[in-house]
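Enquirer: Dropping the structure in here first, questions after.
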Amino acid sequence: LAFQVQADPIQNTDEETKTEEQPGEDDQAVSVSFGDPEGSSLQEESLRDLVCYCRKRGCKRREHMNGTCRKGHLMYTLCCR
């Protein structure tokens, strides 16, 4: 299963900032929603729990490539865990 998304950066909460790796210029955290054309969201638990990043240089350990994402005219790898 692969996805293509258009990404906008999201803000980390203070709790996430303390426990998660900080994204640099090469890594941008994104919010990803999954749904069908009628607009109802997918309820499959494995999709709801995904945390995804748009990365310039490939996925990190414990992440899997799930497609691509675009910010403006730049293409990134969509890495999810």
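Every residue gets a Cβ built from N, Cα and C, even glycine.
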Enquirer: Identify which of C52, C59, C69 is listed by Swiss-Prot as the disulfide partner of C54.
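Expert: According to the record, the bonded cysteine is C69.
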Enquirer: Of the candidates C79, C80, which does Swiss-Prot name as forming a disulfide with C59?
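Expert: Here Swiss-Prot pairs C59 with C79 via a disulfide bond.
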Enquirer: About how far apart, in whole Å, are the alpha carbons (Cα) of C79 (disulfide bond) and C52 (disulfide bond)?
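Expert: Cα to Cα, C79 (disulfide bond) and C52 (disulfide bond) are separated by 5 Å.
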